[in-house]
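Data block below; observations after.
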Amino acid sequence: MDKSLFEQARPILEQIQDNGFEAYYVGGSVRDYVMGRNIHDIDITTSATPDEIESIFSHTIPVGKEHGTINVVFNDENYEVTTFRAEEDYVDHRRPSGVTFVRDLYEDLQRRDFTMNAIAMDTAYKLYDYFDGQQDINNRIIRTVGIAEERFQEDALRMIRCLRFQSQLSFDIATETFEAMRIQMADIKFLSIERIVIELTKLMRGINVEKSFNHLKSLKAFNYMPYFEHLDMNQINVTEAIDLELLIAIVSVKFDINYSLKPLKLSNRQVKDINQYIQIMNALPSIITKEQLKMFVYDYDTHLIKNVMVAADVIKANDIQGHEPLIVNLQTIDETLHRLPMHNRKDMMVNGGVLMAHLNAKSGPWLKDVLRQIEIAIVTGKVSNEETEILKWVDNHVKI
């Protein structure tokens, strides 16, 4: 089992301990270590206060000092070091009104979300598991620490995180935990959509996404999310992992809607990908010739095309017409891409200025149309991408 990331962080824990404080690895890294999974981010919990951590280390960043978190920069890596804390009453089902720093590990671990995430580990790899997290991991169960209703009242996002973990880890959800989610799911309406989108993005890529997505539907979670709240998501089927952006595109195509994506507060890149996914799915069924395939591969992002094709079963499960596999498949996509004479308009050996000069014409709507005609002619092999040949072709085929 790879312990390298823990060993890289070990000097931080040892330095804290040398100054008379406790320090432990905690959270997802310990959970993944227990499960034998790859370790990613290392989080550290300590009895030292933020001020004490800043006095111990020369290079720190007070990223969340008021909540007890200091980033310690060590060997060009950032490590989150958080003081043992007890949280006061939560407001709006999403954040504590305040935190109290404590000196007791148990008190810190009991505030955490799920038993599998409430295990601490010292530098000797001894585990501190007060809530039977290892047993739940062995039984592949997600269970809240303490009373489920209280954990979800504190932070409603934990319900979406629970489903995300179920998707990623292929665990079951403890009965009392699931029943609390059924009762309290409406509280996710108090959350920022940005936090929900982060969890949904991870959930949709999980190995057990079908079960988790069905739980999202049965728990009526979509009823309390912007954008999705206006749709009958019970009609949407997800049978395997796909990008969240592709899910949104499938929803749009299936329901033939053009709702604004602004309520989801996505990045410009995400919105662009969603729009391309929609265009790709709408274009695929009509591709029956090699010329159409060439223009299709030229016009759209190949990575997104492949994502749609790999998700063919999901698309079919939502009664959306797919592609003709003899014409469009992963092999023909790659071969067509490799053989394209150019990959975007910047590669074209003429531009608007050259055309206007050659035709002695002023700019106007005609210019965009002619440039597109030239693109099609080059990509489909009707003319070579050379200025003289293109201008000859324009003289013979274009009227303005």
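From the backbone N, Cα and C atoms, a Cβ is placed for every residue, glycine too.
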Quiz item: Given that Swiss-Prot lists Gly28, Arg31, Asp155, Arg158, Arg161, Arg164 as binding ATP, which residue among Arg85, Arg103, Arg112 does it place in the same site?
Solution: Arg112
Quiz item: Which chain-mates of Asp43 (Mg(2+) binding site) that are at least 6 residues away have a CB under 8 A from its CB, listed by sequence?
Solution: Tyr25, Val26, Gly27, Gly28, Ser29, Tyr79, Glu80, Thr82
Quiz prompt | Span of the ATP site, taken as the largest CA to CA distance across Gly28, Arg31, Arg112, Asp155, Arg158, Arg161, Arg164 (Å, rounded to a whole number) | solution = 21
Self-check item: Residue pair Arg161 (ATP binding site), Asp41 (Mg(2+) binding site) - Cα distance, angstrom, rounded
Solution: 17
Self-check item: Nearest-integer angstrom distance between the alpha carbons (Cα) of Arg112 (ATP binding site) and Asp41 (Mg(2+) binding site)
Solution: 17
Quiz item: Arg31, Arg112, Arg158, Arg161, Arg164: which of these binding-site residues has the highest Cβ count within 10 Å of its own Cβ?
Solution: Arg158
